[in-house]
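Visitor: Once you've had a glance at the structure underneath, I'll fire off some questions.
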């Protein structure tokens, strides 16, 4: 899924990251944690799957599929280590991190959207109920990163649970997530006087609160009260995103699963695209194949763009017929166990590339393969983007689409590919959006590589045979110390492979 070339938030973020110089080692350092006390999970349905009620999804000790209480505790520990580093030189002897969950959002009266947890909240505790608060509080007499983790959760309510399903309650929240304590949500107000103290530095994202009501009830008054103190409320989001950049082995395994099942869904969708075909049918086929293989939801509304519509980068209407002889560009991904995939393929719906289609497709494929070889430690997405533009300028000249100097070819490349080469990937499609693309890549980072060439049918500068063609090829890549690990490697992209799949009989 494409993202914009730049964002105005980068300058302050880069400044903050300079203050964290050396903190990448914090992410890779070995930590010694006290064993997480094992607490018996209630033998009842909670507000989310548990090892007791869903043993086919979770093993004992896991909070979410594949991710244990120990992993979540380590994340909180690392976050408090970053808080400790950034707080040096500031007054305040106590530190409290506050992270809000998402609320339920409604599409119309009494009709909710499918609930999706705030990913920063989810990353730190794995709790998947709305209207909750996570608090990480430094321990008196102990140095950070020692802390106490607390959840404030909705109280169990038989009346509401009759309609909305079970809630975990405080006992379920503690046993499932492994936090130290849990309290009913309304008791958070009793913590506020301590947070207002001059000696307490509060870390909370007051500029973009994830839960408007909880912010208004609790955190906005606190933020305003501390605005004139020496210890103003400080943002924690950039620290959380700094952690989320580097995926653990368990996270990479979840992303491998998402990549594999999405690749299989692409294969089945390619096979089903017999011309003429409705974009809506391919949308439905792709979603079905993802869900049938275990995906929770699609990661985003997919682009299913036939013919000239592939030149609309975020085309999501998906309601037109794709004619015989046209290609379809499908940009789609799924979410599986909190982690997402993001893959794009372009293919002819009748199963055979025309000569101009194959010519343009092979050019994009060659650029994409060259960019994949650059996905190694020390380079950056910006470096790869610059290389993509250089290669694309040359390819556009080779194809006869442009006839200009080297400098003009670089400019033309931006015309025919107006988006970046990729973005970070993880729990979000456009993961860790405050992290600049100029950061050196490190082992454990996951990125997309997605060059494309788009030639609208009204572009009279291009040869007529290419007009109306749009091609993008996107893979998901784990940066390793050795060669890149392609999470979407099972998704065909060679011309011969695509044509064989589209022409198979069963």
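Each Cβ is built from the backbone N, Cα and C atoms, and glycine gets one as well.
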Visitor: Where Swiss-Prot shows 331, 342, 423, 430, 450, 474 binding substrate, which of 283, 300, 361 is named for the same site?
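Guide: Checking 283, 300, 361 against Swiss-Prot: the substrate site match is 300.
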Visitor: Examine the ranges 2-27, 28-53, 54-79 and name the one recorded by Swiss-Prot as region 'Interaction with TNFRSF1B'.
Guide: 54-79
Visitor: Could you pull the average pLDDT for the region 'Interaction with TNFRSF1B' (54-79)?
Guide: 98
Visitor: Sort out the residues at least 6 away from either end of the region 'Interaction with TNFRSF1B' (54-79), same chain, that have Cβ-Cβ distances under 8 Å to it, and list them.
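Guide: Distant Cβ neighbours of the region 'Interaction with TNFRSF1B' (54-79) are 26-27, 31, 33, 36, 38, 97, 122-128, 136, 145, 147, 149, 176-178, 236, 239-240, 243, 248, 250-251, 253-254, 337-338.
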Visitor: 423, 430: which of these binding-site residues has the highest Cβ count within 10 Å of its own Cβ?
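Guide: Counting every other Cβ within 10 Å of each candidate, the maximum falls on 423.
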Visitor: Please list residues from the chain of residue 342 (substrate binding site) whose Cβ is under 8 angstroms from its Cβ, counting only those at least six apart in sequence.
Guide: 1, 299, 300, 331, 333, 425, 429, 448, 474, 476
Visitor: Give me the count of other Cβ atoms within 10 A of the Cβ belonging to residue 450 (substrate binding site).
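Guide: For residue 450 (substrate binding site), the count of other Cβ atoms within 10 Å is 27.
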Visitor: Let's check the environment of residue 474 (substrate binding site): how many other CB atoms sit within 10 Å of its CB?
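Guide: Around the Cβ of residue 474 (substrate binding site), 26 other Cβ atoms lie within 10 Å.
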Visitor: Could you count the residues of the region 'Interaction with TNFRSF1B' (54-79) that DSSP puts in helix, in strand and in coil?
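Guide: DSSP composition of the region 'Interaction with TNFRSF1B' (54-79): 11 helix, 5 strand, 10 coil.
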